[in-house]
């Protein structure tokens, strides 16, 4: 602790709540940036010089394409430095919280869990997420868990009715035995102590799981599963509301903390199921709209000062996580403009090599440390504890909601099942409630982008709010990863569209963000917003050097020329620093290789098609939508994923572009080898051969899927034929251009 910047300290270290200190590699990052920046400027000078003295149209066009691509790479490198200038590391001491604050004085907490499709997001997984937070080592009567079911499914409602019964046994079991993994699925899947009590609880869980999965398989809740008049009344209410296309809101209190008790006689947390009103004629704003409805409904029912937002597959892994948050939110030394505490997104079930880069180590861990040294990390959609007050205007100016009952400081003094409370909750969950209000623009999560988490965090920071990155040794949460390549790419494509919606809006981080937050935070947010433009240099370097090589046109310096060493330094410097960042963040060599390979793949697929979708949408030619990423698991697909085998299986335009690039690079590299064996000088074509060879090595899983595999995850014949024809057409066109 010595030498670190300490906040919340007193004269007694036993009451220390948290510390923060700079990372040791900060000085190296700054020195390297001072060396690397002139090299980039020198490369730009080289391109400009070559462009001016180009003797042919082909040379001019190729140099112009390389110049533009390298300018994009330069912009992305400059914005990346914002994460390397002053990264910090924080440590919390949750064991000290109760030394300064009684448990009875802990602030109340509302937990939001969103789900939208019981088949893509199986209810038993959502149930595990809810049970894990209900079992927090926190006063149960101060926890309220709200389940937002945007799919309006009786299957999800049934699952949580069963979960409410099981929770009365599970919560006391967790607390009596002080277990850490309070998601039943995770606990019973681990090497847990086998006792008569644990076996009894396991049987209860398996029974609940079988019922939920059987109902999901049938697609309906049979009468044999309805065990009480209260449940029958709830399902009748649900049925009458959802037989029409336009349905009103349904709010069901499954557990009431004021009266419901567990098997040991202790109060249970609140558990509330919500399906907000839907109407085809009214925009519902996807997840952002669901979360805003939750802010309003929870405000009318419990109005806790702390709000935890969770994805439905993001399960708690540490029951004392709220105490880590209280290390900041309940520290008198913490500034009042602290809006949220963000935990990293970490995932279970990733294979050894992380072939789809599901870990997102740079986005969810490395960049966060850099943001945290300035004004704090961005909101990443889950694992985030908010101050409710932060949703209602800037720190110095409260924007009052349209009714006083929704104000962040309003005290709810009636039972959550009273008629007036439920009536208000239904009203604020209506699809037309937001009309002519500030919701989505100045209050709550912000509308205008498919990446509502990024956009909301950005707007909060622009308003003057700060945030904190909390990355404890024991992960606070674990999520699930897609085991299919197409799911991973579609998710990234959706992100690309949403990011560009922010990048080219009036709130662009490169302009508005820099003015409101300063250059470091503004350019940091700009780096993320402009992620999709990686597709420009990646696509250029995936095709231009190779096509030029096939047409005997050499567009890079010879090995004997001084400019060659500039290219060598820039390549090795960029990859070397990226590798160092990755390894120092706890990554492995295998996963780093997968990270850079998937970065290339995203540039040719998700980023490219996402950019096309966005710009065509701007012209009114197409419109983006929201697709739920599937969390359902196919056994064969999961087995191949665990073995590190790429999953193709379905035809997709994104696979066509990826396969076309792989084919062209393989042919170009082979042609280069033939030219060398025929006696051609390697000096002139070395750089182009290296780029082609590097792409070929990265494309080995593609070649395997095309030619060597017979399983259902192989590359579809249709995709291979289409990609081959496209590659041939591109080569034919290039032959005409390079004539």
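Glycine too: its Cβ is placed from the backbone N, Cα and C atoms.
Counting only residues at least six positions away in the same chain, the Cβ atoms of 114, 115, 116, 275, 276, 284, 287, 290 sit under 8 Å from the Cβ of residue 150 (active site). If you look up TrEMBL, you'll see 150 (among others) marked as active site.
What TrEMBL lists as active site is 453 (among others). The Cβ of residue 453 (active site) has 22 neighbouring Cβ atoms from other residues within 10 Å, across all protein chains displayed.
Annotation source TrEMBL lists UDP-alpha-D-glucose binding site at 120, 121, 150.
What TrEMBL lists as Mn(2+) binding site is 287, 311. The local packing around residue 311 (Mn(2+) binding site), expressed as other Cβ atoms within 10 Å of its Cβ over all shown chains, amounts to 25.
As annotated by TrEMBL, transmembrane segment applies to 27-46 (among others). Residues 67, 70-71, 74, 77-78, 81, 84-85, 87, 563, 566-567, 569-570, 573-574, 577 of the same chain lie 6+ residues outside the transmembrane segment (27-46) yet bring a C-beta within less than 8 angstroms of a C-beta in it.
Here the transmembrane segment (52-78) has long-range neighbours at 36-37, 40, 43-44, 523, 527, 530, 533-534, 536-537, 540-541, 544, 548, 553, 555, 574, 737-738, meaning same-chain residues at least 6 beyond its ends whose C-beta is under 8 angstroms from one of its own. If you look up TrEMBL, you'll see 52-78 (among others) marked as transmembrane segment.
Beyond the ends of the transmembrane segment (525-544), by six or more residues, the same chain brings 62, 65-66, 68-70, 72-73, 75-76, 79-80, 82-83, 363, 367, 378, 454, 458, 461, 495-496, 499-500, 502-503, 508-510, 513-514, 517, 555, 599-600, 602-604, 607-608, 610-611, 614, 661, 664-665, 691, 695, 730 to within a C-beta distance below 8 angstroms of the stretch. The transmembrane segment feature in TrEMBL is assigned to 525-544 (among others).
Per TrEMBL, transmembrane segment is recorded for 564-586 (among others).
The transmembrane segment annotation in TrEMBL covers 607-628 (among others).
Among residues of the same chain six or more beyond the transmembrane segment (648-669), those with a C-beta under 8 A of the stretch's C-beta atoms are 484-486, 489, 493, 542-543, 545-547, 549-550, 601, 604-606, 608-609, 637, 688-689, 692-693, 695-696, 699, 702-703, 705-706, 712-716, 718-720, 722-724, 726-727, 730-731. Taken from TrEMBL, the feature transmembrane segment applies to 648-669 (among others).
Taken from TrEMBL, the feature transmembrane segment covers 681-700 (among others).
Residues or ranges marked as transmembrane segment by TrEMBL: 720-738 (among others).
When the Cα atoms are compared, residue 121 (UDP-alpha-D-glucose binding site) and residue 311 (Mn(2+) binding site) turn out to be 10 Å apart. Counting other CB atoms no more than 10 Å from each candidate's CB, the binding-site residues 120, 287 peak at 287. Its Cβ placed at the centre, residue 121 (UDP-alpha-D-glucose binding site) has 25 other Cβ atoms within 10 Å.
Residue 311 (Mn(2+) binding site) is 13 Å away from residue 120 (UDP-alpha-D-glucose binding site) when you measure Cα to Cα.
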